[in-house]
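Student: I have a structure here, written as structure tokens, and I will follow up with some questions on it.
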Number of protein chains: 2
Amino acid sequence: MPKEKPLFYDHRSMLKERVGVAGVRSIDLVRLSKRLEKAQAKLKLAAADGSVGWLTVPERRADCREVKSLARKMSAGLKTLVVIGIGGSDLGAKTLVRALKPASRGLDVRFVGSNTDPEEIADLLRTVDLKTALLNVVSKSGGTIEPMSTFLLLRDRLMRRVGRKSHARQVVATTDRTSGVLRTIADREGYATLPVPDDVGGRFSVLTPVGLFPAACAGIAVDGLLRGAVEVRDSFLSTSVGRNDALNFAGLHYLGYARRGQRITVLMPYAARLDLLSSWFRQLWGESLGKEINVDGRIVGHGLTPVAALGATDQHSQIQLYNEGPFDKMITFIEVGRMREDFSLPNPFPDLEGVSYLAGKSFGEILRAERRATAMALEDNGRPNGVLHIPEISPETVGGLMTFLMLSTAVMAELLDVNAYNQPGVEKGKRIISALLGRKGFKL
Amino acid sequence: MPKEKPLFYDHRSMLKERVGVAGVRSIDLVRLSKRLEKAQAKLKLAAADGSVGWLTVPERRADCREVKSLARKMSAGLKTLVVIGIGGSDLGAKTLVRALKPASRGLDVRFVGSNTDPEEIADLLRTVDLKTALLNVVSKSGGTIEPMSTFLLLRDRLMRRVGRKSHARQVVATTDRTSGVLRTIADREGYATLPVPDDVGGRFSVLTPVGLFPAACAGIAVDGLLRGAVEVRDSFLSTSVGRNDALNFAGLHYLGYARRGQRITVLMPYAARLDLLSSWFRQLWGESLGKEINVDGRIVGHGLTPVAALGATDQHSQIQLYNEGPFDKMITFIEVGRMREDFSLPNPFPDLEGVSYLAGKSFGEILRAERRATAMALEDNGRPNGVLHIPEISPETVGGLMTFLMLSTAVMAELLDVNAYNQPGVEKGKRIISALLGRKGFKL
């Protein structure tokens, strides 16, 4: 096991040699090499000429400095950060805060605005004193109903609490540099602002100010995130097909999907603090690859349904289905080499064999044994599964892991011949909502 | 709209007449009547002769009285309830607490033990003072590694905090009446206990002491849960096929699965407080129906993969895929008629059309419009979807909703000819874990 590698993908149990007919034939993966190389070359070119923004984001150090300095300035004297965003505007930040927030540093962070559920907002208003809260409203266009309606209400309550004039000192708007209604409001009210880069779509924006500002306020070392991202990206761009983990990940999922009809992609970290990584991945994988039309305008109706699972918890919920149900899934575990904190089990009942065998074991050790046992059972039942290994949960490894998944998604889109960066299927619903709410110019 | 009905299922957009070829033909549902009637008759018999325990659980008033009285007694002077369980031993309680916990009553509730992640346990120990905590360890057999290892550690920490003798006053074990290692420990230590009924499997146990005790400690009116359950069950048992919502729900999902290959079942409540209902449903639907062998011992490999989604949040994550991806899904929304708290939007920028159209609207109104718009877009794209309507979130409606979903699952198992109540596919992994951890008598 190459333990020194920061991130590696063990895909042996994705192969037919290991799991039988539901697995991918090694020879098919080899035969895909040319297409994988082509996808890699395309991304390499895009990274060099800057035409795909998210690939170069980790190098935008000026953005990062601006984020850190604003976070320091705006957090001073405050207690809670309230992030108001939805989808690409909050899932990345949620993932970072959940995985990495230090217990002893940074603001508490709450997320609202990804829903227009008044009960959630009422709960926030009951439990957060807006006098010591910083609002970070995140929307590129300012046209998204959920965060904007939430922001309008919270802004109103904040003004009632601290006064019309002072409230602007407690708002940061992350939005388009020049256009949109949130930009207009921010300029008019004198809010501090951070840019959503023009060339980075929401679901690829976690390492822009969209994700970095909440992370910095939460006390997370954002430079580490970027270092980890650069390392994984550069390794991807320079490693030849065959030994390239992200190419293998995409290639195997493509073959399982296209040749075996395995339309369900399960991401199952064995680490509670990575549970929201799966929620972030759901959007990335689902929205990027779920497309009716391919790049040539042909109707293809592609899509792999991402499923978020959590180990060991979901062993007692989903593993029955994964072991015995239809062969329609590929499963990826995430295993963490060592936990940041751990405990050994006491031995209070040495005479009771039903619990005494656990004595002296650490929770981390048990968790890794559970992961291994689940994989072995699945393999035994002929179910394709792979493992992403990281040595620990840190800004570097999380930045790397997210970059790995973005790269894999981009390669997968190349293999499926779909545009990873649009979402035409969301627009119709948005137009209908506007019409139902009586917005001018929108009709059913 | 029959607004006075406590729960109803609008399935019109599941039908071919509405959504085209991916929908179920009405005539096929009619042709299924005989089998649906048979399933209903079987459950009716089981409810009458008591052979399927969960069907009669809401009538076990003695259990309910015991739960309420113990909750009152054990909660006195304490602040936090720590529930230690996994799968069927905690998902039901989590759902109830999340949906129904009143802000001003009852203990705070934390859930651990559904994972052996030491970072989660460290977080609990940092933020909960065990001196004012009540531990509720839930395991029928006491043989489940995750809750038992968590309990052994927390018990040790509790004893250090309050002393060996006193600690027993702060532990309630919900376990088998007579056997298992947790029963042995509880008897030896003098813990208060509550029974896990012999005749009710974990994923159907939410209305037994397993779910009711945490709910009662949290300040939830547990009688209301049972009333809602009885009402929905009795309505199911007495309503003829055709007008029977749970039979329709199961029948439509069966036909979509069997005739159209729609193996993915999405549950998407438009209410943040119902998000964990989807997690509970995932286990119920996934474990009950995902079976390699049918009741005649034939290999069938059945299974519908449940996906938990949340409206409006996942409109910006999954709806692109649902609208444009493969026709492999059936979607069920949950719509709540009125929210328990609501807010009207202010109009601070009347000149900015991009936000002023929201002025005066309530969040609940916007949320319902979003649900409707999403359904209309899906229908327009030929995607089958249905809606479960409840008038509000209350103990009665949540008890009813969970009963509705258990009934639908049981009927679905009848249609698929599988045993809803076992989970053989989990056993292999459990044996391997025991072997990896060196438990006596277990080998790889």
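Each Cβ is built from the backbone N, Cα and C atoms, and glycine gets one as well.
What you see is a predicted model, and the numbers here were worked out from it, not measured in a lab.
Okay, these came from TrEMBL:
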- A:E287: active site, proton donor (ACT_SITE)
- A:H316: active site (ACT_SITE)
- A:K430: active site (ACT_SITE)
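I'd like to know what surrounds each of these features in this structure.
Tutor: Non-local contacts of A:E287 (active site, proton donor) by the CB criterion (under 8 A, 6+ apart in sequence, same chain) comprise A:R203, A:Q423, A:V426. Following the DSSP three-state reduction, the secondary structure of A:E287 (active site, proton donor) is helix.
Sequence-distant contacts (6 or more apart, same chain, Cβ under 8 Å) of A:H316 (active site) do not exist in this structure.
DSSP gives A:K430 (active site) a helix state.
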Student: I'd like the Cβ neighbour count for A:K430 (active site), meaning other Cβ atoms within 10 Å of its Cβ, all protein chains included.
Tutor: 21
